[in-house]
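Per TrEMBL, the features are:
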COILED    163-197  coiled coil
COMPBIAS  126-137  compositional bias 'Basic and acidic residues'
COMPBIAS  138-155  compositional bias 'Polar residues'
DOMAIN    13-121  domain 'Calponin-homology (CH)'
REGION    126-158  region 'Disordered'
Amino acid sequence: MKSKDMDAPPLSEDELNEIYNWVDSVPLSRPKKHIGRDFADGVLIAEIIQHYVPSIIDIHNYSLAHSVQQKQYNWNTLNAKVFRKMGFQITQKDIDAVIQVIPEAIERILKVIQVKLDMFLEHSEQNQVQKQEKPNEISKNQNQVNHSKSAVNNKQNDKDLVIQDQKETIEILELKIQKLEQLVKLKDSKIQQLTQKLQQAGIK
């Protein structure tokens, strides 16, 4: 999977709340007090990756850091050994912003990681299904593919690139829609609970 540097985009208020809920759902080694400072050394990011994809990360490579140098080491290790396997890398500009605890810097990084995690997991599941095909079916399919490629190889490659780009864009948009729908449901539930409490207290 080819990796590319990604600038983390700004987030809406709903997306920020969704990221906070997502982080709270992952068991971490220390409680979240100030998300910017807590995630500045990259260790909790490593723990999130380990929670979802333990096979691609060695958590022992990352240690609690207070110095800028050690924090940079943790983030550079994540970029080189983990994010690259997932098909992307965080820019140095964004890493510096996280280490300096610039407001909403880590939230933007978390959003990129969340989207890429979902895509990586989906891709891994598809590969697993393909591996389970019978050997003779794989052989037949490969022969058919090779025969077809000999005639339309160049055009097909161009089409595949366009389709892949469009598919990734659609996947990201669908994921955002799903997350926003979950957030709306959560807000509706909280409003209903509050209304019930007010009614029980005799307040109308």
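Just so you know, glycine gets a Cβ as well, placed from its N, Cα and C.
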Seminar exercise, completed: The correct DSSP tally for the domain 'Calponin-homology (CH)' (13-121) reads 75 helix, 2 strand, 32 coil
Exercise. Which value does the mean pLDDT take for the coiled coil (163-197) in this predicted structure?
Worked result: 76
